[in-house]
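Engineer: Below is the structure I would like to discuss, written out as structure tokens.
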Amino acid sequence: HTDTSMYTHTQNPMSNFWNTTSTSIIFLLTGVPGLEVFHIWISIPFCFLYITALSGNSLILFAIVTQPSLHKPMYYFLSMLSTTDLGLSISTLVTMMGIFWFDARQISFNACLSQMFFIKLFTVMESSVLLAMAFDRFVAISNPLRYATILTDSRIAQIGVAIVIRGTLMLTPMVALLKRLSFCHNHVIHHSYCFHPDVMKLSCTDTRINNAVGLTAMISTVGVDSIFILLSYILIIKTVLSIASPEERKKAFSTCISHIGAVVIFYFPLISLSFVHRFGKRAPAYVHTMIANTYLLIPPVMNPIIYSVKTKQIRRAVIKMIYSKDT
């Protein structure tokens, strides 16, 4: 039905424009190409990953909110990280499990844009939170006496609001510009969620402006954040090395271990996916899909585990909560 309506409007450019922005466009999402008969089995590990991500981040968030001992800047930033991880998981959960369980592949144009916006927004917000956490560690190590006066509750709240506003302002033009595109023939998206480059590839309109805006948005957010995180750690290492006592040095650096882990598991899958898209063109289609499906799930799954294992206070708070429920 959609293809027919598109064909009848191709004669009139304005009519075609309005048709592309209406709900008449239906995209078809893709599960794992070539392995459709195994979708139910493939859904089991993904279901486990979603449960781990949702329960782990909810538990950390609940621990920070309810335990007064965790009402400190470091844990406020960790609560922001858990919130973005929950958002990232929920953004892909419905479409991914819908495909695996019910073969529900159809998604409307507007629903696709909404999902794309939230996936990008939570990715950019996660990058921004990791930068804020790097700043937190830098202040704690280089200026411990002024730590509480620099990172006050109101300042942390301002940072949180700035992170949301920055992501929204940077990404709204990127998603809004997709409304001007026409989609004439192929409507199949090669992921189980709406991926910005994938949607642009389906357009039969010139997408150079979209490419430029998309690239600018990602460089000025995730790209800039990664440079500042690196600079923060150069300054942290410099400060740690100037500490005379080896014991103090070890203690100072151990407070950064969890954050370094979170940075690695956020940027490594992101870079891996870029490399696979660029250099892995000969790889089977299911390899691309599996990497794309897991890359958004790795940080939400791993962050709660890293912080629970490496941060004594979080571990104690979580155990205390579980123990109090049992009793």
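Every residue gets a Cβ built from N, Cα and C, even glycine.
All annotation found in TrEMBL is predicted automatically rather than curated by experts.
Here TrEMBL flags 56-307 as domain 'G-protein coupled receptors family 1 profile'. The transmembrane segment annotation in TrEMBL covers 38-64, 76-102, 156-178, 212-236, 257-279, 285-306.
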Engineer: With contact taken as 3 or more Cβ pairs under 8 angstroms (pairs 6 or more apart in sequence), are the transmembrane segment (38-64) and the transmembrane segment (212-236) in contact?
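Structural biologist: In this chain the transmembrane segment (38-64) does not contact the transmembrane segment (212-236) - fewer than 3 Cβ pairs sit under 8 Å.
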Engineer: Looking at 156-178, 212-236, 257-279, 285-306, which one has the highest count of Cβ pairs under 8 angstroms to the transmembrane segment (76-102)?
Structural biologist: 285-306
Engineer: What stretch in 156-178, 257-279, 285-306 has the biggest tally of Cβ pairs under 8 Å against the transmembrane segment (212-236)?
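Structural biologist: The stretch I would name here is 156-178.
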Engineer: Which residues of the chain, 6 or more past the ends of the transmembrane segment (156-178), have a CB below 8 A from one of its CBs?
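Structural biologist: Distant Cβ neighbours of the transmembrane segment (156-178) are 73, 76-77, 80, 113, 116-117, 120-121, 124-125, 128-129, 132, 196, 199-200, 209-210, 213-214, 217, 220-221.
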